[in-house]
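Reviewing the structure listed below.
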Amino acid sequence: MVAPDTRAPDAAAGGPSASKYASKPCPICSKPSAERFHPFCSKRCADVDLHRWLSGSYAIPGRPEEEEDGEAQDEG
């Protein structure tokens, strides 16, 4: 008698949860990513990324502010 397959359906079929973390490299050092620290390879790389966000190294560009007529020249 064959024992039933107790793995998750996706993992048994090679679906999305089967090693999906190893498909992309760590964005900091390009080593293979680890499931525990996804998308990074280690806690160190995750901390480096967090520091970059908190220190302002990463910035999401916005629209440039436009000066409205009259408001920028109220000085006199």
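Quick reminder: no glycine exception, Cβ is built from N, Cα and C everywhere.
TrEMBL entries are annotated by machine, without manual review.
Per TrEMBL, the features are as follows:
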type	residues	note
BINDING	C26, C29, C41, C45	Zn(2+) binding site
COMPBIAS	9-19	compositional bias 'Low complexity'
COMPBIAS	65-76	compositional bias 'Acidic residues'
REGION	1-24	region 'Disordered'
REGION	56-76	region 'Disordered'
Practice problem: Within the same chain, and leaving aside C26, C29, C41, C45, name every residue whose CB is within 8 angstroms of the centroid of the CB atoms belonging to the recorded Zn(2+) site, in sequence order. | Solution: P25, P27, I28, S30, K31, S33, F37, F40, S42, R44
Self-check item: Long-range Cβ environment of C45 (Zn(2+) binding site), under 8 Å and at least 6 residues apart
Solution: C26, P27, I28, C29, F37
Quiz item: Taking each of the binding-site residues C26, C29, C41 in turn and counting other Cβ atoms within 10 Å of its Cβ, which one has the fewest?
Solution: C29
